[in-house]
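Enquirer: Just passing along the structure, written as structure tokens.
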Amino acid sequence: MRTTIPVRLAERSYDVLVGPGVRAALPEVVRRLGARRAVVVSARPADWVPGTGVETLLLQARDGEPTKRLSTVEELCGEFARFGLTRSDVVVSCGGGTTTDVVGLAAALYHRGVAVVHLPTSLLAQVDASVGGKTAVNLPAGKNLVGAYWQPSAVLCDTDYLTTLPRREVLNGLGEIARCHFIGAPDLRGRSRPEQIAASVTLKAGIVAQDERDTGPRHLLNYGHTLGHALEIATGFALRHGEAVAIGTVFAGRLAGALGRLDQSGVDEHLAVVRHYGLPAALPADVDPAVLVRQMYRDKKAITGLAFVLAGPRGAELVSDVPAPVVTDVLDRMPRDSLENLVGTTEAAAP
């Protein structure tokens, strides 16, 4: 079954296709764009990308946080220029979320913007990273600190790609699906994988349509991410993004409870949802809460103090100026486990 989800924006609206075999739509997408040349940047085997129908340069990429740096973007833009890519042509990404991030930023910067089409191959990229137009790379000081908003011309979420994923990579994507439970999605537990993807994308498309530039409602998509990003950095990215967001989601429930925004049943629901998906729910034993708090002060939402997206009587919303002692106390009360056991939890969980 194929689902088409429109992302309706004031400018640069596009469709997200979800289902088996949707990558075959790529030549038609390229034709509609009027491109004469294409650069395909792929972290997957060459035969994972169908022909574009135009003269094409294939560049090999590698997924992973170490590639999310400005030097990678510079290298890609240099290859675009050597190939003679024009502003009327197209760039195609094929890979996980780090690949769509880096390629999207390169497309945003080259000639001040060239069309980009994403073929996300991981569950994480299909449910979140490839949709919405956020592109970014990391700096030593923090995650996603340099970026741009550049909407794709199409996103083709071919669910056939997911059959090749290692179990841990599936769980990585489920971390984003789990957090959707608390920001307006229906209960996705027990749904088929294509249904989970389509529901997650539909939720995100609606939020992005209201707030493309992340000045209001789009903050909701950061549920669990404030601590999640800090955990990724503190563990040297030994925790995958979805794993860290899952722990951040449990923490968000506990923090909301500590602030009187949720009763105990609401706090417990966060843990139940995360555990249902087989995701980690404890802090790594060797991570210092003080380090996490310092890192969370660097979060883009922390304008005047610590800020978190938290559940409450009116639903999830951005809560600013959260007292650091309260945050530290909640972190201190979180269960702890070794990083090896936390990663082992996701390895052993059923997809």
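Residue 1 is the first one shown; counting continues down the chain.
Using N, Cα and C of the backbone, Cβ positions are placed for all residues, glycine too.
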Enquirer: According to Swiss-Prot, His225, His241 bind Zn(2+); so which of Glu176, Glu317, Glu340 is the extra one listed there?
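Expert: Swiss-Prot names Glu176 for this Zn(2+) site.
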Enquirer: Using all protein chains in view, find how many other C-beta atoms are within 10 Å of the C-beta of Lys68 (NAD(+) binding site).
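Expert: Other Cβ atoms within 10 Å of Lys68 (NAD(+) binding site): 24.
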Enquirer: Using Cβ atoms only, which residues of the same chain lie under 8 Å from Glu65 (NAD(+) binding site) while being at least 6 residues apart in sequence?
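Expert: In sequence order, Thr98, Asn138, Glu232, Phe237 meet the Cβ cut-off.
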Enquirer: Would you kindly give the Cα-Cα distance separating His241 (Zn(2+) binding site) and Thr163 (NAD(+) binding site), rounded to the nearest Å?
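Expert: Between the Cα atoms of Thr163 (NAD(+) binding site) and His241 (Zn(2+) binding site), the distance comes to 20 Å.
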Enquirer: List the residues of the same chain that sit at least 6 positions away from His241 (Zn(2+) binding site) in sequence and have their Cβ under 8 Å from its Cβ, in sequence order, or write 'none'.
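Expert: Expected: Gly97, Leu124, Asn172, Gly175, Gly228, Glu232.
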